[in-house]
Amino acid sequence: MDTLASLADGFAVALTWQNLSLALMGCLLGTIMGALPGLGPSNGVAILIPLAFSLGLGATPALILLTAVYYGAMYGGRISSILLNIPGDEPAMMTCLDGYPMAQQGRAGEALALSGIASFVGSFFATWGLVLLAPQLVKVALLFGPAEYFALFTLAFATLGGIASTNQAKAAFAAALGLGLAMIGVDAQTGVTRFTFGEVHLYDGIDFLVAIVGLFALSEVFVFLEHRSTDADGDTGKKMEIGKLYPSWSMIKSCIPTMGRTTILGFLAGVLPGAGASLGSFIAYSSEKRICDRDGTFGKGDPRGVAAPETGNNAAAGGALVPMLALGVPGSGTTAVLLAVLLSLNITPGPLLFTQNPDVVWGLIAALFIGNFMLLALNIPMVGLFTRVLLVPPRILMPVVAMISFVGIYGISGSSFDLMVMVAFGVLGWVLRKLEVPLVPVILGTLLGNAMEANLRRAVSISNGDWFTLADSWLSIGIWLVAIVGFILPIFLGRVFRKKMDDEYEKELSD
Amino acid sequence: MIIRTFIATSFAALCATSALAQDFQPESPECIAPANPGGGWDFTCRQVGKTLQDLGLIPGTMQVVNMAGGSGGVAFAEVVNKRSDDQDLIVAASSATATRLAQGAFPGNTADDVRWLASVGADYGVIAVAADSEIDDLPELMEIIRNDPTSIAIGGGSAVGGWDHLKVLMAAQKAGVEDVRRVKYIAFEGGGEAVTQLLGGSLQAFTGDLSEAHGFMASGDIRVIALLAPERLEGEYADLPTAKEQGIDAVGANWRGFYVPGDTSDEAYDYWASAVSEMYASDEWQTVMQTNGLAPLDLQGDEFDAFVKSSITEIEDLSREIGIIR
Amino acid sequence: MSDRILGGVGLTLAIFFAWSTTLIQESFMTDVVGPKAFPLIIAAVLGAASLVFLFRPDPAPLWPPLNRLAEVGFAVLVCFLYAKVLPELGFIISTTLAAGYLTWRLGTRPLQSVVVGVATAVGIYIVFRVILGLSLATGPFGF
């Protein structure tokens, strides 16, 4: 009951007019930044830090503003994923897979509304998880040593086989490409440079935002140029309909089990420092596909394929706050920025935060609840407005998207070298699309490559060169088993296995 | 930012009279943090910028620009090559910058290409173990390492050869470990991550800065067995034993400070140095240092310049001795 | 055929990657695994996947005719130029030019393209510079 009393105190702190309007402003700005390709939650929060400072805000109001931006960006990323097939930020990448096909079928409104609800469910329950389970969850994070992290990342790559069902070799190719790109730069373990060819700009490696914006957004522009029909008006052939704005109750109901499972998965992924929201949405999607994709509708506009990653990434956003607050270890890029804000407000996150600064912690948690309800209230009515984007003819929309992508990258890094790398990625993305090589594994590789390698090397170093250390605890063995039995074996047994299942399924139907 | 500009303008109007009696005034003060938001350099820029503004020592708001790349190398090259006469600019730096310069990791650039401005504090190194560890003090840890270097994994937040690693090697060298290169060091992304692995049992010891350790120390999760300071600190850190008093004469301070472009005029250099100096003396900054575990290091102008250059020479010698550079 | 070419390119890339891995300067001190092992594993996966394309290619995609290909090529060139001139010309001018060009090539009438280009540049400038406070490139006229 202590917890609930503290939470009530938190609401008392958060519920002032100033804080409410800050939360509203943060939600709006966050949604916009999430939706713009190139500006993700971490940059969004970083951009607004000076605003919080120059307004002279105290610790709690500043945090309310910035976490509202954080949650807002997590909501906003899905908008461009669904409408344009361009992820607004990296966790929203998986939402493209089913969101965009839904939009093409004229169900953009439904997809947006459903993903809004899914986002709400994910972050609402994750925030409760943060309230009730934070101390226990810290222990979970401590169970993960380098060997366990390596097993977890391998699991993520093993699930790729399930996503790109057409050609496994192409998924493997794309993943290796992404991992290889991640290797560029100074090796964090030894400080030697790798694959930089003497270029100082490459020392810090390739920013995955540059990769994601290039691969998805710019290549989309090139695809449009390629297909431009030659009629006088110049509009491309496929006109999108807007259709129904809100999903039916039965559709929402069919997604409830999905949302339940992915909330838990995403939250746990968020709790592990170093895994973060992208892994949350990724694992949420691939496990849901494995569990309930019986008719092969995932990837073709299945509502559950929209609900799963959105629930997952928003739950992970909440989960990532657990290690940040309780250990002072950021679980994702955004929480790293939030951590810096806390430090500059003279608050040190860590094991003592909950006892030393209860007002800050509980005010923050209350703000998360408030922000979450605001976002739901903002996002659902605005579905109609968002879908209007589809009415803008592509010949105008696409250049705008391209320019926004450039600005997003340039505004953060101030480097025209990054812009050229981005254009190169645009070309690469276009070629890979033509050859039906999936883009998601490339991004996953660049996102996780360094952490995966670092943990492998840490684990083997700690055990003095014994590679068997990688499967030396019950936890790591468990993860390896899930990876092998759940995802790798089915690829090889796939054809036999799936045929049998289909037969049985049909039999059940005919019975 | 509409609101920000408005506040900034009114602020500037207020401050114009209280400004320092000097010839130079920056038009749009800017601080480059040579890393992405969230790191130590970013903290230095933002916190100092905020305090300078709060105290009215600079006109308007300090604009913080993040210029990540090459562990500070991209920003260093940019400042040297493109903005060497920008009078409004200061750049965050720390021992990590000095270490990189000493090891020749900024190709074509040396410490003489810029003017070292001032320090804003120092972060003393610590070596810590988990609270339930059987190791009691630094000599005991070093004894175990001397007998079997493979039995102790020490984690820290910098790469192999980086500052956190050097600190532990320094201690090992002073403790008489013969081949310090056999000390098992595991690199992490940051001190916090390394502490987490210490608590999880993957590591046996942690090397880092006091500011990284103090939260876990206060909560009783970890035990600091050696502070790498010349003498004991005051206040809440008074009972931390130094390495020196345990017979291992190793001192490692991670300073934080700024440099300015090489062609900064003397007026501008003096302006910035005295602004930072005045800020350093303020109660506000003392509070910031207190809460972040920063120890005093109050050097400006030529004094600081000499300090940085001598510390670079020191690191260079040490790195060569250990065998990180040839 | 396209897949076979991809396989060939992929294999070359894998070999190149493995070769540059061997060139990595290892410092005196390194961990047990070292900076080379993981890249070599990646190169192996890359190579193996490429071999699959060589021997079991998918049907080739429909490549655009030459003039369309040139269209894409020009757009890429414009993007590169944009990245180059942005710090010199400043945000508004270069963005107007680039957005105008892309709009025009996507089938808008020339005059209208200019209008769209200017509107895009100014609109983005307002959102990113004025509202979000990002520092965009400043040209000779301060914008």
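Using the three backbone atoms N, Cα and C, a Cβ is placed for every residue, glycine included.
Here the structure is a predicted model, which means the values were calculated and not measured.
TrEMBL lists A:20-444 with the feature domain 'DUF112'.
Among the features that TrEMBL reports, transmembrane segment is placed at A:20-39 (among others).
Under the heading transmembrane segment, TrEMBL lists A:45-71 (among others).
Annotation comment: TrEMBL describes A:111-134 (among others) as transmembrane segment.
What TrEMBL records for A:140-164 (among others) is transmembrane segment. A Cβ distance under 8 Å defines the sequence-distant neighbours of the transmembrane segment (A:140-164), meaning residues of its chain 6+ beyond its ends; these are 97, 170-172, 174-175, 268, 271-275, 279, 282-283, 285-287, 289-290, 299, 322-323, 327, 329, 438, 440-441, 444-445, 448, 451-452, 454-456, 458-459, 462, 469-473, 475-476, 479-480, 482-484, 486-488, 490-491.
Among the features that TrEMBL reports, transmembrane segment is placed at A:171-188 (among others).
Summarising the annotation, TrEMBL assigns transmembrane segment to A:208-225 (among others).
Sequence annotations record features per position, and here TrEMBL assigns transmembrane segment to A:263-285 (among others).
The transmembrane segment annotation in TrEMBL covers A:324-348 (among others).
As annotated by TrEMBL, transmembrane segment applies to A:360-380 (among others). Non-local neighbours of the transmembrane segment (A:360-380) in the same chain are 6-7, 9-11, 13-15, 19-20, 23-24, 26-28, 31, 59-60, 63-64, 67-68, 71-72, 75, 112-113, 116-117, 119-120, 123-124, 127, 130-131, 246, 318, 321, 325, 347, 353-354; each lies 6+ residues outside the stretch with a CB under 8 Å from one of its CB atoms.
Non-local neighbours of the transmembrane segment (A:400-428) in the same chain are 36-39, 43, 46, 84, 86, 201, 206-207, 209-211, 213-215, 217-222; each lies 6+ residues outside the stretch with a CB under 8 Å from one of its CB atoms. Annotated transmembrane segment per TrEMBL: A:400-428 (among others), in sequence order.
Sequence annotations record features per position, and here TrEMBL assigns transmembrane segment to A:474-493 (among others). Outside the transmembrane segment (A:474-493) by six or more residues, the chain places 143-144, 147-148, 150-152, 154-155, 158-159, 161-162, 168, 286, 290 with a CB less than 8 A from a CB of the stretch.
Over the domain 'DUF112' (A:20-444), the average per-residue pLDDT in this prediction is 84.
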